[in-house]
Amino acid sequence: MSNKYNVIVDMDDAAYTQPATIESDGLEFQDFSTSTGMNKSQAPPPTLLPESSTSTNNNRGVGKPIWSVEYYATFFDVDTSQVIERCLKSMYPVGDFAADTLQNQPDLYGPFWIATSVVFSVFVCSSLAGSLAAYIAGQSHVYDFTLLSFAVFVVYMYAFLCPALIWASTKYFGCQPSLLDIINYYGYSLTIWIPVSSKRQQKIWERERQEVESKKKDTSSYVNQAPFRYCERNFKSRVPPPDFTHVIDFSNLPGKHTKENLESIVPIKLTYDLSQLSNLFGDEPCQNAYVLKHVPGLIIIPNAFTPKAQRHLIKQCLSVYPRPPNTSSLDTHYIVPSSGIWPLYEAENSGQLTPDDFEFYVPKKANTKDGEADTYTDSEEEQNKKETACTQKPAPRRELTACSDDFKPVIQEPKPDPPPASSVPLLAPSELIRRLRWVTLGYQYHWPTKTYHLDRRYPFPEDVAELTKAVVYAVENIGYDDGQGKAWINKYKGDDFNAEAGVINYYQYRDTLMGHVDRSEINMDAPLVSLRWIDKGNCSDSITVKKWRHYCHDWAM
């Protein structure tokens, strides 16, 4: 015999019966490996082969009916790490995917999970792109959930019906791949569609953003494309985001400013220290300021107030200055009490005032008609705005505006107050205080004509008058001279300044003050002093002194 082992079998003629032991049966294995003359180069004895993994796979679910949950549960018994590995290797295949990655043990968890993720990703990304496109176009967007059903049908048919057809065809041609193997090939190959679908929607969004940006730069797409309006649309734009290239941040110098901006900034010293002129600025020295070469007459004084001084003035702006007889944005429609709105807000916030109290609601100037409700919700306000925009006829276009050189302000003619509206709601003090937009001090301002009521002059707040006069004193005889023929020096004297009129603007986070031209000032030589407190996580402040009457935006950051 050519094998290394010889087997001798001794069989009796009698009927065979199961022996108790191998020895009693007479069956004996003999080893002749030490026999003389044995060929040492012969192959070692064959080892026992392990059970085929294919047979192991085929045994999964054996003994359980195909319609039972237990039958399919075995195909979902897989670790998350295995599923992630199979997903990654389906996008970057290495070796034999069936033998090396699946190890002849396919599952159903991965294909179902990936197919569902693809459906969700495609529907959400496409719906998001559609809603953004509608938002850019100023239209309402309604989600089409039939697209979700369509995505489910297409993806699941591809992930499970196609493998079944392929498996059937292989059976016809005599091949023997497992149906689960083919389902895993198709199911895990869908992994690449998750990032691809998101990337595609990102490209669509970028293309729409570029189209909107080019439209905004097209002067023919707007009725009014004056420089003020162009800047305004830039900073109010959400898509694309505003371009801050030419914005100067005095709290971050040099920072990421352009070379042109840095060359335009001229640091200067004030003639007097503000803290020595008035204790309302606080006890810290303040004598640093900036002027801009390309904007002669503009003086910026950053961080002029201490935190304690800021809190005092902000409290005054909320609790004292809005009191009558000063006019506020609420006076058109509401009868503001002599103590103002702030005490009511504090009482409501502390629980001392409830909606059941008579003083809780500030009365309206115009009562509602019978059957109309006085309650109010944000959704109702938005609906009223839409209905008003649809039903009202567009106002006739004014030929002349304050920006026109031929514009003549109305000075002596009567200036009637806007009529109150009966449709305004009754609001809680906490909601009403947030609707406060402006308060006029001294000479009262008539907003429809952008002029002053010369017959309505009320006492000007002494602390505000002291602050502004101190600023005008501090900027005497300051300016710049670049030695190349460009120079500007402020010659206005502080003794000649007297605060007579002022406006306090209140901003919520999404509020802005439109760019405008002031044509109502009788004295165009006196400087305009602007004090600003901006909430940027921590309170900051600045003072702007202008010798010119063209305003840019006053932004709430």
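Quick reminder: no glycine exception, Cβ is built from N, Cα and C everywhere.
What TrEMBL lists as compositional bias 'Polar residues' is 33-42.
Annotation comment: TrEMBL describes 49-59 as compositional bias 'Low complexity'.
For 95-196, the entry in TrEMBL reads domain 'Yip1'.
TrEMBL lists 430-531 with the feature domain 'Alpha-ketoglutarate-dependent dioxygenase AlkB-like'. Counting residues per DSSP class in helix, strand and coil order gives 22 helix, 33 strand, 47 coil for the domain 'Alpha-ketoglutarate-dependent dioxygenase AlkB-like' (430-531).
Annotated region 'Disordered' per TrEMBL: 33-59 (among others), in sequence order.
Summarising the annotation, TrEMBL assigns region 'Disordered' to 369-398 (among others).
If you look up TrEMBL, you'll see 112-135 (among others) marked as transmembrane segment.
The transmembrane segment annotation in TrEMBL covers 147-168 (among others). Tertiary proximity for the transmembrane segment (147-168) is limited to same-chain residues at least six positions away from its ends with a CB under 8 Å from its CB atoms, namely 111, 114-115, 118-119, 122-123, 126-127, 177-179, 182-183, 185-187, 190.
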TODO: Mind tallying the domain 'Yip1' (95-196) by DSSP state, helix then strand then coil?
DONE: 79 helix, 0 strand, 23 coil
